[in-house]
Amino acid sequence: MTKYVFVTGGVVSSLGKGIAAASLAAILESRGLKVTLLKLDPYINVDPGTMSPFQHGEVFVTEDGAETDLDLGHYERFISTKMRKANNFTTGQIYESVIRKERRGDYLGKTVQVIPHITNEIQAFIERGAASATCGEPDVAIVEIGGTVGDIESLPFLEAARQMSLRLGRNSACFVHLTLVPYVATAGELKTKPTQHSVQKLREIGILPHVLLCRADRRIPDDESKKISMFSNVPEDAVISVWDADSIYKIPQMLHDQGLDRIICEELKLSPKDADLSMWSALVEKLENPKQEVTIGMVGKYVDLTESYKSLIEALRHASIHTSTKVNIEYIDSEELETNGVDSLKHLDAVLVPGGFGRRGTEGKIAAVRYARESKVPYLGICLGMQLAVIEFARDVVGLKQANSTEFDPDTPERVVALITEWYDREGKVETRTEESDLGGTMRLGSQRCPIKPGTMAEEIYGKDVNERHRHRYEVNNRFVPQLEAGGLIISARTPSEDLPEMMELPRSMHPWFVGVQFHPEFTSTPRDGHPLFKSFVEAALANKQARGVQA
C-alpha cells in the first residue's frame with residue numbers, strides 16, 4: 001500500500017518546496033524505496049501551457065506530452081521515476097472534471113459543493129497520480145501542494161489532504177511544512193514568529209505537521225530551533241534547518257544529515273535499508289572541482305527571469321559535471337542585439353538560442369545565429385533556435401532574402417518555417433490544427449523517436465536514433481529543404497511518419513559544430529547521466545576556446 005507525504009509551504013512562496021520534496025524523494029530512493037511525486041497547483045488554468053514565462057517560468061513537458069509545472073523537472077532530475085500527466089494537476093482540471101460529472105448526472109441531482117465533491121475529486125486525482133507511477137506501485141508518494149498556507153486558493157487542497165490522511169489512518173500519511181525564518185539585519189537575529197504563525201494557520205485547518213523545514217540564509221541555531229519546537233508543537237529533532245546552498249544537489253545530504261528520512265520512515269512505519277548518497281557526493285565533488293572553464297552565451301528574450309530556462313540551465317550544469325568543466329552562462333537579451341549589434345558575443349566560447357514564442361526579439365536571435373555561423377563559434381539551436389538557424393541560412397547562404405516563419409510574418413512569400421497542420425500523436429492518432437485553433441493543448445507534445453541519418457554529427461552524438469520531447473507548433477517547411485541542402489545544410493534526422501525535419505547541422509567543412517534540434521533535449525538531462533548533446537556542445541566550446549589560444 002502506498003504511503004503519502006504531503007509537503008506544504010508557509011509565510012512566502014518560492015521557498016523551494018519542489019527542491020525539498022525532490023531531495024526527500026532522492027534520499028528515500030537511495031534507501032531502496034520506490035518513490036513518486038505529485039504537484040498540485042491551485043491556479044484555475046487547466047495547465048501552464050498558455051501562461052506567460054514571466055508569470056510561471058518554464059513549462060516542463062513530460063514523456064506522455066503533458067505541459068506541467070517546472071517542479072516536475074526537478075522531480076525527474078532527482079529520482080529515476082519518470083513523471084506523467086497524472087503527476088501534476090490544477091484547480092482548473094479539478095473543477096473541469098467535477099462540472100463534467102455534474103452535467104452527466106453522476107451526482108444524482110445533489111447540490112455540488114467544495115466539500116465533499118471538490119475535495120473528493122482532489123483525493124481521487126492524488127491516488128490516480130500515485131497509481132500511475134512508472135516505477136510500479138510506489139512505496140511512498142510525495143505530494144507537493146502549491147501556494148502558501150493561508151491563501152484562499154490552496155484551502156480545498158489542504159482540506160483534501162487532511163481528509164485523506166484521516167481516511168488512510170495512522171502511519172499512512174504525514175505532513176512536512178516548509179517555512180521561512182527571516183534574518184532581520186537591523187536586529188541582527190533570525191525571527192521565528194512568521195514560522196510560528198504559519199504553523200498556527202495550518203493547525204487551524206486541522207493539519208498538524210510532523211516535520212518543519214525552516215528556510216533561512218544561514219543555519220538556524222539550536223536555541224531558535226527549540227523555540228520553534230515549543231511554539232509549534234513539533235519535536236525538536238523534527239525542526240530541520242535548510243540554509244542557502246550554492247548547489248541544489250547538496251540538499252539531499254543536508255536533509256539526510258539532520259535525519260529527515262529517518263523521521264519520515266519512523267512516522268510511516270517503513271524499515272528500508274540505510275541511505276546511500278555517495279552518488280550525490282560524487283556529483284557535488286565534480287561540480288566543485290572543474291578542470292577547465294568555458295563561457296556560453298544564451299540568447300533569449302526571457303533572460304530577466306532565468307526560471308524560464310530552468311531545465312536548460314540544469315542541463316548545462318549536468319554537462320559541466322560530466323566534462324569536468326565550469327560552464328559560465330551569460331544571458332543576452334536578443335532585443336539588445338537588434339539595437340547594439342553583436343559585439344557582446346565576441347568573447348563567448350559558444351552560442352545557444354533556446355526555444356520561445358512570438359516575433360519580439362527574433363531578429364536579434366538571427367543576428368546571433370549569423371555571428372556564430374560566420375565566426376565558426378559552436379552553435380546550438382533548440383526548437384525556435386533551430387528554426388531561426390534555418391531562416392538565417394536560407395537568407396544569407398541560399399539567397400532567399402524574404403525567408404521567414406509564418407509565426408512572425410503570415411504573408412511571407414518564402415515560408416521556410418510554417419505551421420504543422422497535420423501530424424501523428426504518440427498513440428498514432430492523426431492530429432490536425434489551423435491558424436484558428438485554440439492555443440491550449442494544440443502543440444506537438446511529448447516524446448517521439450526518429451532515425452538519424454548515417455555519417456552525421458547527430459549520429460556521433462546520439463547513435464542510430466533519437467527519442468526526445470517536443471513542444472512546438474511550427475516546423476521547417478519541406479518545400480524549401482532541397483534548396484537548403486543544395487546550399488550545404490544537412491537534415492540529419494526526420495520523423496518516420498510525417499518526414500518532418502527534427503535535426504539540422506552544417507558539415508564540418510563549413511563549421512566545426514553547428515547543430516539545431518526541433519525537440520527539447522534539456523527535458524531528459526539528469527545529473528546522474530548528463531546528456532550527450534549538451535556534453536558534445538560543451539566539448540565543442542572547449543575546443544573553440546583552445547583553438548583561439550585562450551587558456552581553458
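Cβ coordinates come from backbone N, Cα and C, glycine included.
Taken verbatim from Swiss-Prot:
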REGION    1-270  region 'Amidoligase domain'
BINDING   S13, K191, T192, K193, P194, T195, Q196, K227  UTP binding site
BINDING   S13, D151, I152, E153, K191, T192, K193, P194, T195, Q196, K227  CTP binding site
BINDING   S14, L15, G16, K17, G18, I19, D71  ATP binding site
BINDING   D71, E144  Mg(2+) binding site
DOMAIN    295-547  domain 'Glutamine amidotransferase type-1'
BINDING   G356, L384, G385, M386, Q387, E407, R473  L-glutamine binding site
ACT_SITE  C383  active site, nucleophile
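When the recorded positions P194, C383, G385, M386 are ranked by how far their Cα is from the Cα of G16 (ATP binding site), P194 comes first. The distance from the Cα of R473 (L-glutamine binding site) to the Cα of D71 (ATP binding site) comes to 24 Å.
Cβ neighbour count for T192 (UTP binding site) (all protein chains, 10 Å cutoff from its Cβ): 22. Separating the Cα atoms of K191 (UTP binding site) and L15 (ATP binding site) is a whole-number distance of 16 Å. Between the C-alpha atoms of E407 (L-glutamine binding site) and C383 (active site, nucleophile), the distance comes to 13 Å. Recorded residues K17 (ATP binding site) and L384 (L-glutamine binding site) have their alpha carbons 31 Å apart, per Cα-Cα distance.
Looking only at the region 'Amidoligase domain' (1-270), the predicted model's pLDDT averages out at 95. Cα spacing between E144 (Mg(2+) binding site) and L384 (L-glutamine binding site): 32 Å, rounded to the nearest whole number. For the binding-site residues given as K193, R473, the lowest number of other CB atoms within 10 Å of the residue's CB is seen at K193. Residues within less than 8 Å, Cβ to Cβ, of T195 (UTP binding site) and separated from it by at least 6 positions along the same chain comprise G10, V11, T179, L180, V181, L212, C214, I228, S232. Neighbour density at the Cβ, taken as the number of other Cβ atoms within 10 Å, is lowest among the recorded positions I152, C383, L384, M386 for I152. With a 10 A radius on its CB, P194 (UTP binding site) counts 15 other CB atoms from all the protein chains. Looking only at Cα atoms, P194 (UTP binding site) sits nearest to L15 among the binding-site residues L15, D71, I152, M386.
Between the CA atoms of K227 (UTP binding site) and G18 (ATP binding site) there is a gap of 26 Å.
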